[in-house]
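Some features that TrEMBL has for this protein:
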type	residues	note
DOMAIN	A:95-294	domain 'ABC transmembrane type-1'
TRANSMEM	A:9-27	transmembrane segment
TRANSMEM	A:101-122	transmembrane segment
TRANSMEM	A:134-160	transmembrane segment
TRANSMEM	A:172-191	transmembrane segment
TRANSMEM	A:233-255	transmembrane segment
TRANSMEM	A:275-301	transmembrane segment
Amino acid sequence: MLNYTLRRLLMVIPTLLILVVFAFYLMRLAPGGPFTSERPLPPAVMANVLERYGMDEPLHVQLWTYIRNILCCFDFGPSFAQKDRTVNDVIAQGFPVTLTYGFWSAVFVLLLGIPLGIVAALKHNGFWDYTMTGLAIFSQIFPNFVLAPILVLLFTLSWGLLPGGGWNGGQWQYVVMPAIALGTSYMASVARLTRGSMLEVLGSPYIRTARAKGLPERTVILRHALKPALLPTLTYMGPVFVYMITGSVFVDVFFSTGGIGQDFIDGAYSRDYSILLGLAILYAVLTFALTLMVDLLYAWIDPKVRAGLS
Amino acid sequence: MIGAAKRRLTSPAFAEDAAEEMVASRSFWADAGRRFLRNRMAVVSVGMLGLLILFALFGNLLARWTYEEIDWNLLGRIKEEGGPSLSNGHWFGVDELGRDLYARTVQGTRTSLMVGFVAGPVSVLLGATIGALAGYYGGRFDRTVLGAYTIWLAIPYIIFFVVWQAFFGRSLGQMILVIILVNWTAGLLIVRGQVMMLKNREFVDAARMLGMSDLQILARHLAPNILWVVVIYTSLVIPEVIMAESLVSFLGVGIQEPNTSLGALISAGAATMTFGTLWQLAFPAAVFVIAQVSLFYIGDGLRDALDPKER
């Protein structure tokens with residue numbers, strides 16, 4: 001198990017390196033830069049500006065400096081477009097916000113999705129089952145960027161219950177809609193997946209045996225059926241987290257929560273190399289951390305996988 | 001839902017079923033066609049999608065305005081008089097700049113469908129080709145491809161997308177290109193599995209003994225047998241691609257103005273809904289929803305008709 005964890009962690013290093021090198025060259029070789037504007041700067045000024053940011057050196061030297069600064073001092077460099085902020089400032093300000101509603105969104109996905117799936121499987125072809133199928137199709141058709149405006153239309157403009165954007169230090173009213181908008185479609189997928197695997201488990205012989213022994217239905221479900229039924233859901237959580245990170249960029253932009261997604265998009269507009277690269281690294285690290293967590297949890301729960309690893 | 005369908009397609013059981021089915025039946029496509037036509041939702045959806053395509057292609061013949069013309073008469077009074085109206089020729093109203101929303105919706109639908117129906121199939125074709133080669137040759141090439149595949153899936157596509165769009169311009173061609181590049185993994189795993197399953201069959205041995213080259217075997221004997229898997233997968237990828245394009249356009253890094261896409265129109269409509277101009281959100285969103293619903297049911301119908309286990 002430890003061995004496996006270490007191997008996975010080692011895999012992250014070359015992957016990140018590839019990402020950094022690739023993104024770095026992609027951005028630098030493309031035409032335009034953070035200092036190109038409608039009215040070009042005088043050449044002397046331009047040279048000064050470039051020197052100030054170390055951009056007069058050859059590309060591979062810049063890349064090496066960049067990587068070295070990250071490794072030695074965790075320094076992602078200054079922002080090119082926002083004069084008084086460093087990338088570290090941007091991350092320190094925005095990341096807690098994104099993490100907060102992301103966390104609550106994940107809670108919403110799991111705490112509603114899994115029970116809904118289980119109930120739908122237990123009442124197969126009943127009311128809840130159909131409700132859930134409806135929800136699954138609904139979420140397919142209304143992705144977060146259609147759902148979010150509808151939510152704002154209802155909860156903010158029509159009923160005045162929740163604020164339509166902003167963060168306000170993370171008061172709960174400001175977290176609710178971002179979390180729901182981000183999570184709904186994944187909640188539906190989780191519910192659907194749980195339903196499917198629960199149905200499969202409930203039809204298997206050992207559940208029949210458990211019932212034949214005369215165990216109460218509660219025990220059959222909670223002790224015998226639940227754990228194997230949740231395994232597919234768990235494997236699905238890795239991709240879900242990746243999708244949710246993508247979705248968070250949208251949520252940050254739409255709800256103006258002040259998370260890193262907004263800075264990422266702004267960075268793309270202003271060609272702010274360091275912000276884009278820094279945030280891309282952050283997103284990638286976050287993805288790897290979450291995927292690894294899910295995989296380890298999976299190995300821990302499923303004895304077959306655990307045995308296969310050692 | 002798409003997730004569940006994809007998992008089924010990549011499972012070993014499916015590869016097993018699929019290989020059996022293909023070799024067993026001769027009138028496979030005819031059977032599948034009959035099964036598809038029996039699925040009422042799917043047939044209705046094909047009709048709806050057809051109408052949408054007609055709307056995208058010929059809708060502007062009905063428009064009285066072009067998509068970039070500003071109706072100066074309505075400026076400053078958009079909230080009161082900019083709504084859908086038959087008398088001034090703005091069937092869907094005007095957007096916040098006074099441009100005809102009907103013409104813009106036609107234009108946006110065209111962009112979105114074009115992206116979906118070009119980028120979707122091409123990326124599946126790319127992924128399928130790589131997958132087929134990896135499955136056929138195996139060995140180190142296969143391991144490299146699988147490694148790259150795993151790494152790629154772990155990176156949120158939005159990162160690559162936004163960086164690319166920001167630096168390489170935002171035309172329709174660029175958009176399609178970047179979607180294909182991001183989606184190169186589409187269909188890779190299933191096709192690889194199918195090829196690995198089929199390459200040891202007798203008919204492949206026979207072809208090899210007749211002196212056919214590897215590429216000939218792949219193109220003439222294996223490709224027809226995995227075509228239908230590719231068809232199902234493409235039907236799943238197209239709505240996803242449309243969704244991705246719309247999301248990116250919503251974020252403001254998609255298609256460049258005055259061109260537009262459904263995502264950009266929804267975004268603009270959502271931004272102005274506080275001012276009471278709801279039609280600016282409603283029409284593009286409705287078209288988007290119709291497209292997604294029909295693509296969803298068509299994909300569902302294709303899966304039911306083609307997947308041997310679903311019967």
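For all residues, glycine too, the Cβ spot is worked out from N, Cα and C.
Contact between the transmembrane segment (A:172-191) and the transmembrane segment (A:275-301) is not supported, since fewer than 3 Cβ pairs fall under 8 Å when only residues 6 or more apart in sequence are counted. Looking at A:101-122, A:134-160, A:233-255, A:275-301, the range that has the most CB pairs within less than 8 A of the transmembrane segment (A:9-27) turns out to be A:275-301. Residues 94, 97-98, 101-102, 105-106, 109, 113-114, 117, 144-145, 148-149, 164-166, 177-178, 181-183, 186, 189-190, 193-194, 197, 261-262, 264-265, 283, 286-287, 290-291, 294-295, 297-298, 301 of the same chain lie 6+ residues outside the transmembrane segment (A:233-255) yet bring a C-beta within less than 8 angstroms of a C-beta in it.
Beyond the ends of the transmembrane segment (A:134-160), by six or more residues, the same chain brings 116, 177, 180-182, 184-185, 187-189, 191-192, 247, 250-251, 254-255 to within a C-beta distance below 8 angstroms of the stretch.
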